[in-house]
């Protein structure tokens, strides 16, 4: 075969990687070779800049290869290459519309490489790439630039937070959104901010302000992008944390594979890298966790933001948003109102026209109304809405799922503002607890359970329940008035007070003292009270006058008074005294509890014990034999958690007339645990070994072997003679004596 001759261009391409390798090893020896290549680059660049649209394919390929070559070795000759980064920037910014695709991507990659070699700073790189990102029509270039910008910001904030670069980039994005509110260019600011927020690189209020301005834009896509950030940005962050925790490296598996598989340098490097990553992650776990505030909490002026969103996008007749988009804006406004307890009175009248069962997405409107309710909303504003929901949704003629949604919506509204419903309406709705429809019955019982806690006096006596009735009779529960706030207290402090009281009694018994003996501190308190009583008596004797009593006067007592008393009066007095004693004991307990809360500084040991007691109480509450009530869903929900349409629908699926077989199977499987939870220890061990890639024993391999592959050995065993069988058995015994090792045959 005739040897093919290489052209000059192919020789240069073949020589450049070799020359690059040599320069990296010894820059001084190859400086003249580099100058020659740099001179060629200058020549090609001048030709290209003179007429970029008419450049030949050969010239473009040569220029691209020379740019790649110089970018990799530019740090070896900083003096010669001092203008090289700026030349690439000018070439990219001036001609990115007409550049060949591969050359354009090579310019972007070379700029990123020069930044890694510290030949240009991050701010210059971002100021170069971002204007091209928002102006180029090329989809592939936009994807590349977006990836490079995010990667650069993540790298700059990997070790420590780069506040200067973050402020610079945030200012650019803020100006992009506010400069032209009708343009769709603000979408890039939303994408970058949302991605960095999700990865917890930007967690400050400045990023939230960018999304706030985006939500107040006039472009529909930009508005919805900002609204979705506030509705789901924090959830994305939590999901990303869960994904990162699932992708943790198993160091034991890596080491095990390294000992079994063929040992190579590459596998050793992979194992070392995995171990290093695990150590870094463990070190980060030891660091104090950062305070990740929700985006809704970091808003500077939530009242003004909610007002602008409502009047600009919802009440404005010229708004271009469709119903689905308006519903998302409404969800954001209602969450702001409920979370920050804002006052937007026209919002509640806005809900009136949507509260009908025929309204599309009506459960989402009901959920938004419930979220917009709080204890500072005047009850007379919410009463008409609750009345309309009851009239439209809850009636004997309504379908089961409609009545369920209405009752659940009323319960959620009243959980936030118990005064929003009239007493007669509440008693009527509670009567649906006897409904044959399970969804309606459960929803009505949920409303009943709520008012047993927050307003038992509004219920009929037979509906109050034992605990609520006893509390009302004892005067422990009082109707909360509008605007009244409960006194703040430490959750579970009564458990700590009870535990301290039990410990004090145990200590007294060990010391031979009565179990109810007081501590020194309490004895001092009693002495002070006694002294105060003596002084008070002395003062009363000094200030008052002596009362003269005549000794000769006889006091006559009528026998008829004693005779006329009924026989049960003494028993009544004893019963009243007993009640007073019980009431006094409860008052003393409350005083002890308040004394612990107001006069004691809790030590770290107390706080640790308090945490332990809370966990123990929560565990006891979930035990099957515990007769205590399970916590209601409205008490366990966090204030930041949104109320979804699914929660309003509740058990409406049970009210449906007919369900498909798949739906019934899925509903039956909802509450069941995974079958893997009931596996034996041996099965769990085997499954764990298989997941970790560990080998199995010979017995397991023989048992799992294909049956057809075992037939030959079985046939040969049956054909053995007695002499052969004896030899095999002797060999087996000898092998057992050697510890299972097989010897060489014939030795």
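Glycine too: its Cβ is placed from the backbone N, Cα and C atoms.
In TrEMBL, the feature region 'Disordered' is placed on 555-587, out of the ranges 555-587, 588-620, 621-653. Checked against TrEMBL, the range among 465-485, 486-506, 507-527, 528-548 recorded as region 'Disordered' is 465-485.
In terms of DSSP helix, strand and coil, the region 'Disordered' (657-747) has 60 helix, 0 strand, 31 coil.
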